[in-house]
Amino acid sequence: EIPQNLGSGIPHDRIKLPNGQWCKTPGDLCSSSSECCKAKHSNSVTYASFCSREWSGQQGLFINQCRTCNVESSMC
């Protein structure tokens with residue numbers, strides 16, 4: 001299950017990237033922010049989408065995951 005703080009509940013556009021792969025949704029592993037799906041256009045000013053370094057308690061190490069959050073939130 002994807003933690004809510006990664007933005008899984010925020011609507012996003014699922015688009016194909018220039019490399020032919022689909023963008024990655026919140027919680028997916030990533031290597032750069034350009035891989036991550038962006039919030040729907042109506043929310044693009046309110047929300048930011050990026051590849052973020054997160055602690056994985058299950059794996060016991062840091063991993064890079066796509067994240068979408070409200071830019072006015074202290075969690076962003």
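Glycine too: its Cβ is placed from the backbone N, Cα and C atoms.
Note that the structure is predicted; figures quoted are calculated from it, not measured.
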Recorded disulfide partner - Cys66, candidates Cys36, Cys37, source Swiss-Prot:
Cys36
Check Swiss-Prot and name the cysteine among Cys23, Cys37, Cys51 that pairs with Cys30 in a disulfide.
Cys51
Scan Cys37, Cys76 and flag the one Swiss-Prot records as disulfide-linked to Cys69.
Cys76
Per DSSP, Cys66 (disulfide bond) is which: helix, strand or coil?
strand
Select one residue from Cys36, Cys51, Cys76: among these disulfide-bonded residues, choose the one with the most other Cβ atoms within 10 Å of its Cβ.
Cys36
How many Å lie between the Cα of Cys69 (disulfide bond) and the Cα of Cys51 (disulfide bond)?
11
Just the number: how many Å between the Cα atoms of Cys51 (disulfide bond) and Cys23 (disulfide bond)?
12
